[in-house]
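S.K.: In case it's useful when we look at the structure, here is the feature table from TrEMBL:
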DOMAIN    10-184  domain 'Glucose-6-phosphate dehydrogenase NAD-binding'
BINDING   Arg48, Asp91, Leu92, Lys145  NADP(+) binding site
BINDING   His175, Lys179, Glu213, Asp232, Lys337  substrate binding site
DOMAIN    186-482  domain 'Glucose-6-phosphate dehydrogenase C-terminal'
ACT_SITE  His237  active site, proton acceptor
Amino acid sequence: MQTDSSFTFVLFGGTGDLSMRKILPALYEAHRAGGMLADSGKIVAVARHVADRADYLEWVNEHVKPHVSKNGVDETAWASFLDRIEFVKIDLGKAEDFALLRDALSGRPGIRVFYLATGPSLFVPICRALASVGLNENSRIVLEKPLGYDLKSSNAINDAVGEIFAEEQIYRIDHYLGKEPVQNLLALRFGNVLFEPLWRREWVESIQITIAEELGVEARGDFYDNTGALRDMVQNHLLQLLSIVAMEPPHSMDSDSVRDEKLRVLRALKPIDPRDIGKVAVRGQYHSGVIRGSAVPAYATEPGVKPDSTTETFVAVKVEIENWRWAGVPFFLRTGKRLADRVAEIVVNFRAVPHSALGASALRGGANRLVIRLQPNETIRLYCLAKQPGEGMNLASVHLDLAFDRFFREGQMEAYQRLLLDVINGRLALFVRRDEQEAAWRWVEPILDEWAASHKPPKPYAAGTWGPAAASAMLAQHDTCWLEEEN
Ligand code: BG6
């Protein structure tokens, strides 16, 4: 991916957690790899609590370096990476400070990227201040989630940003879309003839998409307590994964062809009737428990969390898609903090054979199953039945295993690295378009409203388990179970 297009990457929130853990390490990796970033490309960090460039570089050395590269830091590359970094001290509350930024950016070649790694309440003031000094021309703006709290607040941000930047200048990040295995899902579906004929209601019984985390809310208790798992993970990451699993083949991989198809799925999600929410959505909150041998505290005692909080740290929800391909096929989405394992995977359960001459075991649903493991250890497994060796015709489950690290030893790219390169190079396909975001909010809102109105507390689950039992009961109603319950 050679490039010679120059850029200036302006990082608002330059000393924030995201800059430290994700953005600067990703830019370093792209720099170290060579040929991905134009030599003349610069990073301009914007922060308030840092005196000057020397101070900022000290902060970068101290805080960013430990997050860089699993394989150790290449000191030569690190030194030349620091040469790319400049610094402008701006108080984001003072619109007049933006003249400093305008002066610092004037006369530079190439595109300007403004990355807003700040709280969402600053998105609109920053955009307005940029426009007031003419910096909205020849530029792209990157917005981190959460983009709003509900449809109304997300529309308010999008309307205000949309008055300043055209939609094709706006890059809404959902980092799940930058993950290598998610890209691979597109390759698997649309690069092969094998799966597509089966990828429909006639042959698929149900689909599960799980993003399970062992971590709790870490230092983000304050933020999380006002957010909850539905807004934090379902409205964005899980619905985006669902749309990629369920979309029709796009006619090309250009930005709008892919996003149009994803949008069609999001618009076809069957609206949830508030009266059914108890049947199709489960929310939970973790209590204390044990994860990998260590005791962990209850959510309600985490710093920043209200002791009587009713915020959900777990959601399982049944989704249906109202179109010819998927009508009647349940998609079960699930996510939670402090669960038994860290795993993100998509499970496609195929239907049983219509008639078995080989005995009852061949009539079991789920005998054919595709398991796409997104993380950790990216693999794709195709489960089939085979004859057990020996006398008689006894069937047993076996699988074909595709472990990507066996085929591709090098070249894996972190999500943020891919997405930042896409922004710099003007590729929008992996960013969420406004209409997609609206459709996703529209679908989750009745659940949010009903939960808020019901005043019922979330169901408790012990940390280190797979969430409330009700999540299993919901699948049992469809004669199925979560993948880990099979084993
Ligand atoms: C973020 C959420 O978007 O995704 C976090 O805000 C969550 O709460 C994270 O932990 C999970 O991402 P990943 O890439 O670690 O699975």
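A Cβ is built for glycine as well, from the same backbone N, Cα and C atoms used for every other residue.
Bear in mind that TrEMBL entries carry predicted annotations, made automatically and left uncurated.
I'm curious about the neighbourhood of these features; can you describe it?
M.R.: Across the domain 'Glucose-6-phosphate dehydrogenase NAD-binding' (10-184), the model assigns an average pLDDT of 93.
Every protein chain considered, the tally of other Cβ atoms within 10 Å of the Cβ of Asp91 (NADP(+) binding site) stands at 12.
For Asp232 (substrate binding site), applying a Cβ distance below 8 Å and a minimum sequence separation of six or more within one chain yields Pro146, Tyr224.
Counting only same-chain residues six or more apart in sequence, the Cβ atoms lying under 8 angstroms from the Cβ of His237 (active site, proton acceptor) belong to Asp174, His175, Tyr176, Ile211, Thr335.
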S.K.: Just the binding-site residues from Arg48, Asp91, Leu92, Lys179, Asp232, Lys337 whose C-beta lies under 6 Å from any atom of ligand 1, please, or none if there are none.
M.R.: Asp232
S.K.: What is the maximum Cα to Cα distance, in Å and rounded to a whole number, among the residues His175, Lys179, Glu213, Asp232, Lys337 annotated as binding substrate?
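M.R.: For the residues that bind substrate, the greatest Cα distance is 20 Å.
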S.K.: Rounded to a whole number, what is the top Cα to Cα distance in Å among the residues the record ties to NADP(+), namely Arg48, Asp91, Leu92, Lys145?
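M.R.: Per the listed residues, the maximum Cα distance equals 22 Å.
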S.K.: Once the DSSP letters are reduced so that anything not helix or strand counts as coil, what is His175 (substrate binding site)?
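M.R.: Note: His175 (substrate binding site) is helical by DSSP.
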